[in-house]
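*Asks:* Marked as compositional bias 'Basic residues' by Swiss-Prot: 1-16. Summarising the annotation, Swiss-Prot assigns compositional bias 'Acidic residues' to 170-190. Swiss-Prot lists 662-690 with the feature compositional bias 'Basic and acidic residues'. Positions annotated as region 'Disordered' by Swiss-Prot: 1-31, 165-190, 658-720. Annotation comment: Swiss-Prot describes 95-130 as repeat 'Pumilio 1', evidence class sequence analysis. The repeat 'Pumilio 2' annotation in Swiss-Prot covers 131-166. Here Swiss-Prot flags 206-242 as repeat 'Pumilio 3', drawing on sequence analysis. Among the features that Swiss-Prot reports, repeat 'Pumilio 4' is placed at 290-331. The repeat 'Pumilio 5' annotation in Swiss-Prot covers 339-377 and rests on sequence analysis. Among the features that Swiss-Prot reports, repeat 'Pumilio 6' is placed at 379-415, with the record citing sequence analysis. The repeat 'Pumilio 7' feature in Swiss-Prot is assigned to 530-567. Per Swiss-Prot, repeat 'Pumilio 8' is recorded for 572-610.
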Amino acid sequence: MGKTKSRGRRAEKKNKKNEPGFNEDVSNLDSDVTITNQEPLSSSMSSTSGIPNTFFGLVDNNELDYFKQAESTLNINAFETDEERQGFINSVLEEAQGKELKLVTNQICSKLMERLILFANHNQLKKIFKQFQNHFVSLAFHKYASHVLETLLVRSAALIEKELTQTDEEKLEEAEEEEAEEEEAEEDSLNNDVPMEDLFISMLNEFKPHLTTMIDHSYASHVLRLLILILAGKELPSSVTSNSTLRSKKSKIARKMIEIKDNEDFDRAFQTPQSFKNELREYCQTIIVGLDTKSARELSIHKIGSPVLQLLIQVEGLVDRERSFWHLIFAKDSEGKDSVEESFVEYLLSESVGSHFLESIIKNDGARPKYIERLYKLYMKDRVLKLAKRSTTGVYIIQALLFKLKPVEVEYILDQIIPELAELISIAENQNLDLANKLIDASISRGNYRRDEIINQLFIKFAPNYDIENPSDNTSTEFIENILQLTGSTLGNTRDDWPTAEERKRALFLEKLMEYDYKFVICTWFNFMALPIERFVQMCFHGVFCHVVEKALIVEPEEPKPIQILRKRLLNIFQGQIVGLACNSYGSHIVDSLWNFTVLLPMYKDRIASELLGDSNKVKESTYGRLVWKNWGMELFVRKKYDWKALIKQQEQEYYGETEDSTEKRAKKPIELKMERLAEEKRRQEEMAERAQSGYTKRKLEEATGTASEKKQKLRGRRR
């Protein structure tokens, strides 16, 4: 019988798996990685003249398996001591010696090289740096090697600072420790004597012929931005935080997925030698020679090149008093309106990349205030409201201007926007919440400028049916619904959905409103009471909305009686839910906040404590419950009730400001004044009774001794 023919891709794939030399790990890499494990250099490099397109070799299967296992070992960090980890790193570096260049251009091995650089000591760092010499340009333009190079640059900046600030004694001690730890070849020891500053400058010289090409390259532009930050002595941003100015959004997400964490060298600035300022000046001059006004303006709206130009404008003041990059893009401050410049500024105000560029150069301290004021007065002042209506572009420029212009101009912008604030905010499309945030901050900075109008506009937008002066019991949930968008959110989901960034943004906005004015807190209370209890409890267990509930549990000083009654009604919602909240990671913070929220309400404090005591076993078995038990002083409640009552009394005294250090006295309540009058009257009556008793006793004594009749005779004699 003839042999049947296998059909389909699965059978073909199975046969391919059975072939000798097939590596399944390599075949499962993403489409950017070829079967040879080597990522080819980007197409822009190969097509651009002057950029070396160097091939560093392939990583064979045996090497790949070893380095992949080493990367996994470093990732889980299952070492008992730092010495054990350092010994493992030393062995991996010995195995990788001479192979560094082909490792950094491999997708898997490049992650290993990053980890090795993060953990390497200073001598090992210099060795790796020297292996990259004469190839830095090729690595900067490579998809994977560029990330390794960025990590190496940050560690190098830290080492340069250490060499600058290190005393001779510290250098001698470090040299002795290194000699005791390991015996190196004489050649290596001589090479390690070269200062890191000199090695860094030699690398900078490699990049100088290629700076203009690096500006708009997908990978090399990030390396260039990092070099500029180091030379300028600016803070080197983290590579994983969401607001990092260095990495792209995709890159930051990828680094979180592969679990590469920065060390202490990130998120800080380093001291730099004087030679770095000269190098920064040369870099700026080299870049600006290849630019004219047209190309610079095109670069400012380029998706990749724009962040580089923003950074150059920010740091150029350190080495160039003329601000050449600024005046290459915009006219001088003494010149008037120009039609070409006006068209360019209009494009910046209406395009996403351009508006981000303009917002960045306004926010950063690189541009002089008079430059920004000129652009504002010539091209933006007469249409502030129109720009604020551009919810994806122009409004961000207006927000940036609120904190950079003179006070008179800031108040002018506020006068234009505040009356139209309700119309500018869109609930459905979630637009201009940031504008409301910035208006509140700007108003506070100007001494609460037009505060009441801002509050009214926000209530008109988010709670049009709410009566601010006389809130009623039939208040709906429109306020928190319009802001938090509870319907359609992850609230109440049983699939362990993570709260979205949109929900976090809305929750922070509501918290900001409650901090701004207590009227928003009262409105939030009414909305909480209008919610079904199950829905409110779901908010307490939600990772984002629980913070809204916690922030709403605040008590105003000298609280009037109607507000105190409202506070009691809100506390009734928590009845029967305390134990469940106390045993939850989010709800436990709310129960902790209830301690301060129940000030002047000892009965409610006692009720909550009794509820915790009623199910004490469940509370004490929970990690979060034990913290609540401690914060509420439940041991005193159980064993020393009098001391627990003393804590409540102490809290009330602190609320009234009746402490030993306090100098101001609060206004006393009518009942307290009445009690003081009664006490004073009682004291006066007791004094009168005491005087009467003493007089009676004295007369009796005088009658008994006979002195009273003598006095009468004398008195009669005087009267005659």
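Glycine residues also receive a Cβ, built from the backbone N, Cα and C atoms like all the rest.
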*Asks:* So if I exclude everything within five residues of the ends of the repeat 'Pumilio 8' (572-610), which remaining residues of that chain have a CB under 8 angstroms from its CBs? That is, six or more out.
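*Replies:* Those are 528-529, 533, 536-537, 540-543, 546, 549-550, 553-555, 559, 564, 618-619, 622, 624-625, 627-629, 631-632, 634, 637, 644-645, 648, 651-652, 655, in sequence order.
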*Asks:* When DSSP states are grouped into helix, strand and coil, how many residues of the repeat 'Pumilio 2' (131-166) land in each?
*Replies:* 27 helix, 0 strand, 9 coil
*Asks:* So how many of the residues in the repeat 'Pumilio 1' (95-130) end up helix, strand or coil by DSSP?
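*Replies:* Here the numbers are 29 helix, 0 strand, 7 coil.
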*Asks:* For the repeat 'Pumilio 8' (572-610), what's the model's average pLDDT?
*Replies:* 97
*Asks:* Can you tell me how the residues of the repeat 'Pumilio 5' (339-377) break down into helix, strand and coil by DSSP?
*Replies:* 33 helix, 0 strand, 6 coil
*Asks:* If you run through the repeat 'Pumilio 6' (379-415) with DSSP, how many residues end up as helix, strand and coil?
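*Replies:* Across the repeat 'Pumilio 6' (379-415), the residues distribute as 26 helix, 0 strand, 11 coil.
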